[in-house]
Amino acid sequence: MGAFNGLVEVLISVGVDVDIQDRSGRRPLLGAAGNGHESTVRLLLEGGADTELHDSLGRTPLSWAAGNGHVETIKLLRSVGANFEAKDSSGRTPLSWAAGNGHEAAVKLLLEKGAISEAGDSSGSTPLVWAAMNGHQAAAEALLRKGAKIGAEGNLGRTPLLWATINGHQATVDILLRNGANINVADEWAGRTPLSWAAMNGDQAITKLLLEKGAKGEAKDIYGHTPLSWAAMNGHQAIVELLLNVKAQRQLDIESTVSLASISGKSAIVELLLKNDAVKR
């Protein structure tokens, strides 16, 4: 790195444009910041590099440093006044990138420096939504400790709990529930609750966790399907067995579920439902 920095110094000294860009719009400072080359970043800043120039994605050096978790580079950029709230072309801030990529230390630093935890992107997704969506438990906890809204709705009207459930991140689901997330919230796209999504995806661990925490087994989505319906149609026998043990679920008219399972060719599920006296004869 020493020899490389020496070359950078020479180029700057002979008047090479410190903010020169390549075809993708990337500039020297963007590359150095994104790769965490703190000493090179310092040289470029001393040479007059502009911290707010962005690439073709609208991302600034600070956005790249945060997204890749380079804490010391973040500190350096901040010391010269880099904008913590600069949004890229999709509306994401440096905090959003740090949270979405699971860089806990970067998240904590940005929050300590005053980054806005509720800054939503073009889809409405906040940093907490991104952290939950990608299963970054520690980043999610850091945001929650700073007061991030646990019920914030992101893309498709889905909360952090919905995204964590859909993507199978059990530990994150547990953290969100322990912090008061609405267990029966339904998304705007299909009216499905976390339990419905877990059942549909055949996620036994999350289904069990949601049931233990009191999720409603009878909740219907916009198609009229319950968690049991989805589990049956998709052939998730273990999920069907879990749901049949729920009192509220046993009170439903299960005949339609048998019909759906039959149409879907899930003969083992049909047999299970019949053996459990689930059908009203």
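Cβ coordinates are placed from backbone N, Cα and C, and glycine is handled just like the others.
Noted in TrEMBL for the protein shown:
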REPEAT    24-56  repeat 'ANK'
REPEAT    57-89  repeat 'ANK'
REPEAT    90-122  repeat 'ANK'
REPEAT    123-155  repeat 'ANK'
REPEAT    156-188  repeat 'ANK'
REPEAT    190-222  repeat 'ANK'
REPEAT    223-245  repeat 'ANK'
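Tertiary proximity for the repeat 'ANK' (123-155) is limited to same-chain residues at least six positions away from its ends with a CB under 8 Å from its CB atoms, namely 90-93, 95-96, 98-104, 107-108, 111, 117, 161, 163-164, 167-169, 171-172, 175-176, 179-182, 185, 188. Long-range contacts of the repeat 'ANK' (190-222) within the same chain, counting only residues at least 6 positions beyond its ends with a Cβ under 8 Å from a Cβ of the stretch, are 161-162, 165-166, 168, 170, 173-174, 177, 183-184, 228, 230-231, 234, 236, 238-239, 242-243, 246, 248-249, 251-252. Counting residue by residue with DSSP, the repeat 'ANK' (190-222) contains 17 helix, 0 strand, 16 coil. Outside the repeat 'ANK' (57-89) by six or more residues, the chain places 25, 29-30, 32-38, 41-42, 45, 51, 95, 97-98, 100-101, 103, 105-106, 109-110, 113-116, 119, 121 with a CB less than 8 A from a CB of the stretch. Looking at the repeat 'ANK' (24-56) alone, the prediction's average pLDDT is 92.
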